[in-house]
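Worksheet: one structure, shown below.
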């Protein structure tokens, strides 16, 4: 019976994608024209031709579509708009680290609100983590539950990760070949979700052995293994010491001291050793926070170890010194660290050690932050849920930092779009403006600033560590596969045309 559910699930996905394309009249030629298009590492004037949701032509800015002698639609033309000479057109953002929390914890977030927030932020693709939903995505059966929960809710395209926990390595093959997951994630310490326990070295080896078999037997592309890289012992020792010292749990420094860099450093060292021995399965460090780990990652990469790392919007913008007393909206794991640490992370981004920037969007309810909705309550950092909501704000957060540092705007495309799409194997269709790729774009004004108003965000729980902050880079329009899904001023994302993304070459059709 289960195999028929598998066949039906894959058939439904393909049929749904076909119907969505037909419904949106994608066969009609569409044109985007702009003076400032990020293309091949440059900002140049271009005309972009779109059909069936794909970019089919890249022409000079002066190109006249009337010469093609067919009906066409102008999606965007900066010559027909006022005061937009500075607007940038870029490939839609890809956020490969998002916690959507559906099914089971939709009071935290959900596919409707998360994908709406993504669209409003210029993000056209997100990848959902496997642990904060209930059930967690650690089996093929649970994966089908998540797929079912997505139907009729997606405003942007969504890929899924599976989870690796002790004893579930035999689920890997089915989740990849029949479920189409883009990769897997594990924790080296308790995740905070009882159903998603940490793995040890034997568990990792078992999982890697399964992935080796997949790669060798089916001649398939690499399936990434992602790790939350902290070990527990240094954290437990630091927490006991701080409690014995009666350290104030409402002071952010107390939480920061409870999560020392050595916890990350030791975990990453262990993962480098395992990956070096394995050499076939690629591993990826999610949300790198400790600057002390940068050098060992760089050395391993230079030695040919298949390992990579990401960092987050939060670690590149926020600092521990600026966290207000008791404001647990700033709590994440690993933690936001000192200004000096932030600068070293930026150095690693600029020199290419860290190749992508993501949100690690991890929302929850206000009570789990040990706060109330009066905006005046004081929270306990040691008890509050760790996670910062930033999915909608990534483009302006990182552009504000780049603008202040004199970093070219073209780097946004590499760090926020192309890098994440490569990580999860979607760069054949996502991540940049190229002929044959999905016609996903964000149009924004890099010179316009705004003040973050948390109540106007599309998130389900409308509170933010960025509330009241001035950021540069206002998103004016988001386009998904040639369809405009968001325009500045929209208070609801009405088009539900998002699709589940799979590695089509990994689906076993035999």
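If you go along the chain as it appears here, the first residue is 1 and each next one adds 1.
Yeah, the Cβs are placed from backbone N, Cα and C, and that goes for glycine too.
So that you can see what the record holds, here are the features copied from Swiss-Prot:
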{"type": "BINDING", "residues": "97, 99, 185, 360", "note": "Zn(2+) 1 binding site"}
{"type": "BINDING", "residues": "185, 228, 287", "note": "Zn(2+) 2 binding site"}
{"type": "MOD_RES", "residues": "185", "note": "N6-carboxylysine"}
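Shown on the structure are the features that Swiss-Prot records.
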residue : record                : DSSP (3 states)
97      : Zn(2+) 1 binding site : strand
185     : Zn(2+) 1 binding site : strand
228     : Zn(2+) 2 binding site : strand
287     : Zn(2+) 2 binding site : coil
360     : Zn(2+) 1 binding site : coil
Binding-site residues listed as 97, 99, 228, least Cβ neighbours within 10 Å: 228
Between residue 287 (Zn(2+) 2 binding site) and residue 360 (Zn(2+) 1 binding site): CA-CA distance (Å): 7
Length of the line joining the Cα atoms of residue 97 (Zn(2+) 1 binding site) and residue 287 (Zn(2+) 2 binding site), in Å: 9
Other same-chain residues whose Cβ falls within 8 Å of the Cβ centroid of 97, 99, 185, 360, the recorded Zn(2+) 1 site, in sequence order: 98, 129, 286, 287, 358, 361, 362
Residue 228 (Zn(2+) 2 binding site) and residue 99 (Zn(2+) 1 binding site), Cα-Cα, nearest whole angstrom: 13
For residue 185 (Zn(2+) 1 binding site): intrachain residues, at least 6 apart, with Cβ closer than 8 Å: 129, 130, 131, 161, 162, 163, 164, 225, 226, 227, 228, 286
Cβ-Cβ neighbours of residue 360 (Zn(2+) 1 binding site) (radius 10 Å): 27
Those residues of the chain, 6+ apart, with a Cβ under 8 Å from that of residue 287 (Zn(2+) 2 binding site): 97, 228, 310, 311, 312, 315, 332, 334, 358, 360
